[in-house]
2 protein chains.
Amino acid sequence: MSPKQHRGEVTSDLLLDAALRVYAEAGEQGLTVSAVTRASGVSLGSLYHHFGSIDGLVNALLTRWLGRLLGELADAVGQSRDARTGVRALVRAYLGFVQEHPDVSRLLHSSRADRVGMEQGRELRDVQEARMPPLTSWAVRHVERGEIAPLPPALLESLLLGPVVGVSRRWLTVGDVDLDEAARVLPERIWRSIGADGA
Amino acid sequence: MSPKQHRGEVTSDLLLDAALRVYAEAGEQGLTVSAVTRASGVSLGSLYHHFGSIDGLVNALLTRWLGRLLGELADAVGQSRDARTGVRALVRAYLGFVQEHPDVSRLLHSSRADRVGMEQGRELRDVQEARMPPLTSWAVRHVERGEIAPLPPALLESLLLGPVVGVSRRWLTVGDVDLDEAARVLPERIWRSIGADGA
DNA sequence: CCTTTTCTAGAATAATTTTCTAGAACTTAC
DNA sequence: GTAAGTTCTAGAAAATTATTCTAGAAAAGG
């Protein structure tokens, strides 16, 4: 998959990379068709050939990066022994990703993501469905062992990720949070909320 | 402030109401200048006279409703005795608002809100700064009394609202959550995470 | 090679937002 | 009550942005 990539794949990548670059520099508003073609050197026709629309391009970008994020989260819980260290690993992996890829995270969290996800989102949902199972089964396993409280999945997910997402959004927009401190403090706090009662 | 409103105020309201109606029916994509002028019967020139841009209009709409939401949250905690019941009241007020105004909530939570908030957001931030203090001071008060753990404000806010926002977004988009159950279960869970240790 | 398919290119078109000019409706001061 | 100034309404024109379309180059498969 390296020396003789089909040229289409190459231009797709050129476009995806350029789109992220443009978004990082010019933000939501600046992410236009012409900005991307200019930044990538790829023609308008190619963009539409590969992605069908500007939202299609954004969607592909989101899909790519959401996959990576979820993959990292799955790895994090996969390598942890008990539920408690799993929570810590998960929170730190998430915050680490945000810190390492702030532009991507901004795109993933805010704005265009929801809309594109809603309207275009076949692929996006596929990625979620492909990458979530490790996380879900991790949770189920520990609920069964009596380590995590038996809550409805949606509530469990919100308790687990809600605060982390909240802190991330805040760091990405306002900036008045210390992510390292959050990584230190949040896990134990979150653990209290979802840990089984007999702790 | 009722019988002789200045006509400008009337058209502003016409536009704001129409914008929400259009958003509810046609979604993100459908919320265009022409759709709003059509739905409101107001001319293009008036729209631009009052709001400067389509984002300006959306921003005003967000400002109006964010103010109401924050007001209801402040009322909720204001009427509660101890910190624990305050948390319960807060969570229920939030979820109640979402259930009562799903379209508004969709707009507030997702998509356009962040972008408009980022770029246009002077007013929006003003509303936040005007309406948050009751909530902040409520938190501070109970931290001082030793009921709530002494966490940095941003972390406290994320632990408190993160899960609630997460559940709301999910209910608004996917729909696979039971909001009444969430209102029953979340408060005690959240309380565990932020309550002072000596409970 | 010849055929078919995939891909590139950019001009033409369409959709949408924003600007601009003109005048109507209201307000204020005298 | 009316002249001068301001706010507001109106919609045509301009600008910006997204999408479609047609033509042909490059690659793949026989």
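Using the three backbone atoms N, Cα and C, a Cβ is placed for every residue, glycine included.
Not measured: the values here are computed from a predicted model.
Among the ranges B:32-51, B:92-111, B:132-151, the one that TrEMBL lists as DNA-binding region is B:32-51. Residues belonging to the domain 'HTH tetR-type' (B:9-69) score a mean pLDDT of 94 in the model.
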